[in-house]
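J.: What Swiss-Prot lists as transmembrane segment is 13-29, 46-63, 74-91, 97-116, 136-153, 159-178, 217-232, 234-248, and the listing cites sequence analysis. The topological domain 'Lumenal' feature in Swiss-Prot is assigned to 30-45, 92-96, 154-158. Marked as topological domain 'Cytoplasmic' by Swiss-Prot: 64-73, 117-135, 179-216, 249-288. Under the heading S-adenosyl-L-methionine binding site, Swiss-Prot lists Gln194, His201, Thr202, Leu203, Val204, Tyr209, His214, Pro215, Ser216, Tyr217, Glu255. Annotated substrate binding site per Swiss-Prot: Arg251, in sequence order, evidence recorded as similarity to another entry.
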Amino acid sequence: MAGARLLQEGRVSIVSFTLGASVISLPLLTSSFTEQTLLAAAPGRIALVFFIAALNGLLLLLYKAQLYQVAIRASFLGFAFGCGLLLSITQSPWKPFGWYVCSLSFFHYSEYLVTAMNNPRSLSIDSFLLNHSLEYTLAALSSWVEFTIETTIYPDLKQITWLSVIGLIMVLFGEVLRKCAMLTAGSNFNHIVQNEKSDSHTLVTSGVYSWFRHPSYVGWFYWSIGTQVLLCNPLCLVGYTLASWRFFSERIEEEEFSLIHFFGENYLEYKKKVPTGLPFIKGVKMEP
């Protein structure tokens, strides 16, 4: 029964994300709005408010309790994804921000969906990673503030299309690598570092794990940096790079203590052959 409930949550998330993303159809359904006026003009914003209210009402009718909590989060991410798409096809200086919103919303939604597919026993509302940490939230807010200020005082900085494209490629690479890592690890993957070995816990060394010891962290690292390259945010690019490097350095060391405890010599041999994948991060240092 638990498995069926969790699988249902995955299906609910797909439906809800799609409903939220359907906001992109508003300019197609009426000649009153274009992509630009829907997001920028007052009538368009009013239409978005009505869309959100109608969507929330529909979700309240369809789902109760825990399923509604899943649905409202997935639909919010879908709505953000749809608005990001609308923004990305405009000719405004905010076009790169549209790409960014699509990347951010899809990252959080796909974290939940892949967990539902891969490791339903660990699935929870927290699998969306929307409440990852205070530091994560502040980092996101900082990038939005920097983009807004620089767009206002120096809009040409945000018109370096080739740089934004490089950032988008980094984001896509990081996203694909992380999800490949999650799918390859299967039920071994968990958003929380495990300190106790479960009966089903095995050492995964195939697929992307034959390239890097920590491919999910490598993906997240380059995804994070790529978002700031995409936005042409020079200040946050430096900050994100340093903060991400420090976070993953500490996280990998913590995780590898557990992995050595779980798998002993097998992990030590694997560690000798395969790099972490992150620059200047070696993992746990073992005494000779």
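Glycine residues also receive a Cβ, built from the backbone N, Cα and C atoms like all the rest.
Note that this is a predicted model, so its numbers are computed, not measured.
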J.: Would you mind listing the long-range same-chain contacts of the transmembrane segment (234-248), meaning Cβ under 8 Å and 6+ residues beyond its ends?
T.: 135, 139, 142-143, 146, 214, 217, 220-221, 224-225, 227-228, 278-281
J.: Of all the binding-site residues given, His214, Arg251, which has the fewest Cβ neighbours within 10 Å once its own Cβ is left out?
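T.: Among the binding-site residues His214, Arg251, the sparsest Cβ neighbourhood within 10 Å belongs to Arg251.
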J.: Give the residue counts of the topological domain 'Lumenal' (92-96) per reduced DSSP state, in the order helix, strand, coil.
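T.: Helix/strand/coil tally for the topological domain 'Lumenal' (92-96): 2 helix, 0 strand, 3 coil.
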J.: What does DSSP give as the helix, strand and coil breakdown of the topological domain 'Cytoplasmic' (179-216)?
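T.: Counting residues per DSSP class in the topological domain 'Cytoplasmic' (179-216), I get 16 helix, 0 strand, 22 coil.
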J.: Could you check whether the transmembrane segment (136-153) and the transmembrane segment (217-232) come into contact, where contact means at least 3 Cβ pairs under 8 Å with the two residues of each pair 6 or more apart in sequence?
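T.: Touching, yes - the transmembrane segment (136-153) and the transmembrane segment (217-232) meet the threshold of 3 or more Cβ pairs under 8 Å.
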J.: For Gln194 (S-adenosyl-L-methionine binding site), list the number of other Cβ atoms lying within 10 Å of its Cβ atom.
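T.: Looking across every protein chain shown, the total is 14.
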J.: Within 10 Å of each Cβ, count the other Cβ atoms and name the one among the binding-site residues Thr202, Ser216, Glu255 with the highest count.
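T.: Neighbour-count leader: Ser216.
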J.: Restricting to the same chain and to residues at least six past its boundaries, which positions have a Cβ under 8 Å from a Cβ of the topological domain 'Lumenal' (154-158)?
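T.: For the topological domain 'Lumenal' (154-158), the nonlocal Cβ contacts are 93-94, 96, 147, 231-232.
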J.: Measuring Cα to Cα, tell me the gap between Ser216 (S-adenosyl-L-methionine binding site) and Arg251 (substrate binding site) in whole angstrom.
T.: 12
J.: Quick one: pull the CA-CA distance for Gln194 (S-adenosyl-L-methionine binding site) versus the residue listed as 'substrate binding site', whole Å only.
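T.: Gln194 (S-adenosyl-L-methionine binding site) to the residue listed as 'substrate binding site', Cα-Cα distance: 12 Å.
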J.: Just to be sure I understand the packing, how many Cβ atoms besides its own are within 10 Å of the Cβ of Val204 (S-adenosyl-L-methionine binding site)?
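T.: Val204 (S-adenosyl-L-methionine binding site) is surrounded by 17 other Cβ atoms within 10 Å.
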